[in-house]
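Participant: Sending over a structure as structure tokens; questions will come in a sec.
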Amino acid sequence: MAAGFAVAGENKRYNGRMTPFVILSCMMAAMGGVIFGYDIGISGGVSSMEPFLKKFFPEVYTKMKDDTKISNYCKFDSQLLTSFTSSLYIAGLVASFFASSVTRAFGRKPSILAGGATFLAGAALGGAAFNVYMLILGRILLGVGVGFANQSVPLYLSEMAPPQYRGAFNNGFQFSVGIGALSANLINFTTEKIRGGWGWRLSLALAAVPASILTLGAIFLPDTPNSLIQRNNQEKAKRMLQRVRGTTDVQAELDDLIQAGDISTEAIGDHPFRKILRSRYRPQLVMSMAIPFFQQVTGINVIAFYAPILFRTIGLGESASLMSAVMTGVVGTVSTFISMLIVDRLGRRVLFAIGGVQMFVSQLMVGGIMAAKLGDHGGLSKGDAYLVLVLIGIYVAGFGWSWGPLGWLVPSEIFPLEIRSAGQSITVAVSFLFTFIVAQTFLSMLCHFKSGIFFFFGGWVAVMTGFVYLLLPETKNVPIEQMDRVWREHWFWKRIVGEEKENKNGGAA
């Protein structure tokens, strides 16, 4: 069913309706989120499976099974084990900068295609691995694939979506991440029961399924009107805009896209990464670094990567730990779906505030229970363990309708066309950098901080909630090519953005 819309802003009106064509295109592109989520979910589950640990990380397996003196919090502390998880994110960080050039020069579609194909190769290598080096090489290829996909897919969704529904469409990326992670947790729960100890191979190899769908689907994806204009294909862009909006009356939106395209080429010799350093783009630059940094220090990847290990730490068995990870995956996916439904009504700032308070309180409570009840040896009582599980579910729900989807949505919608690919690359690179740092250090931090790890991340949640309240303007229902006005009207950013505008006008005079 098509839904009509018209967006007014600065005396301009965009016409169109929600078309099946744009919905199907965005659903296919959002498979890039599924491969990311699948990898997040699969690595944590596999690294808690005893046959996998015995084959690749025997010292961790020995500590877990035989060392009765070692602290609960230190059983899984291994730099090699964390390298298995985190190597992907260094590869993704490097790949995202190459992806920026591909996305800018050739469009969003080739980046999505490259991401799917490389991820497919990494899945094959991981499933067939017979030593730790082959395993980590497969992870690096997965990282390159995720780097290309995460750089291009959020841009694709924001540019294809009608302005009025952009939040819901872009939150579809995080929803897809949740679907991927949930699928991975269910597969881990099933393959862990396979006799013969080869279930982990199936878990790793099945990443090829969403990667194949994304790779084949990307061949048929249309490019976005914004990208076509950036590459001087105005007629083709007009036809594509008419097709995605379901109307021939697209001149107002097309004029804004062309104007943005003209601005993006006015300083043709100025590279986007140099251009984004100008003071007129200072708000976007700050957000492109602050939002992905804050997203990672919410502590969500503690849950996403290591949920089965964390649940084993508090005393649950192998199968129960994997089932608990499935439950938190369901909670995260449902809450992200709720966010899709309400983000364009309530706005970004409201969801950031609600989710922030929810995460802060639940993390303090989990930390308090573990500090009071979980020592270096033994485990929590069954009642306390399930209370921790419920609180972690509340925490995941808070992330699922706030920092999870909005951490991708807000950066993808705030950049003007001339710096869009560079800005998104910075967002992805910062995200991967701090994902790597958190993934590489978490098991060691858990060993040293013990229950204090939850107070550490809870403190960061308080900081980021204040940051959003003070410095992030509301962006709901603002057309993507008119987004610069929200900074000119903001109490803080207007001083910086306004100063350059005045200087520019003064120079012209």
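Every residue, even glycine, has its Cβ placed from backbone N, Cα and C.
The domain 'Major facilitator superfamily (MFS) profile' annotation in TrEMBL covers 25-476. Here TrEMBL flags 21-42, 80-99, 111-130, 199-221, 285-309, 321-343, 350-374, 386-410, 422-446, 452-472 as transmembrane segment.
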Participant: Excluding the flanking five residues on each side, which residues at least 6 beyond the ends of the transmembrane segment (452-472) place their CB within less than 8 Å of a CB in that stretch?
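Facilitator: Residues 286-287, 290, 294, 297-299, 302, 348-349, 352-353, 356-357, 359-360, 363-364, 366-367, 370-371, 403, 410, 442, 445-446, 490, 492-493 contact the transmembrane segment (452-472) from elsewhere in the chain.
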Participant: Restricting to CB pairs under 8 Å, which listed stretch, 321-343, 386-410, 422-446, is in contact most with the transmembrane segment (350-374)?
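Facilitator: It is 386-410 that shares the most Cβ pairs under 8 Å with the transmembrane segment (350-374).
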Participant: Over the domain 'Major facilitator superfamily (MFS) profile' (25-476), what does the predicted model average in pLDDT?
Facilitator: 85
Participant: At a C-beta cut-off of under 8 Å, are there same-chain residues at least 6 beyond the transmembrane segment (386-410) that contact it? List them, or none.
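Facilitator: Same-chain contacts beyond the ends: 154, 158, 166-167, 170-171, 173-175, 177-178, 287, 291-292, 294-295, 298, 300, 303, 307, 311, 314, 324, 327-328, 331-336, 338-340, 342-343, 348, 351-352, 354-359, 362-363, 365-366, 369-370, 380, 431, 464, 472, 475.
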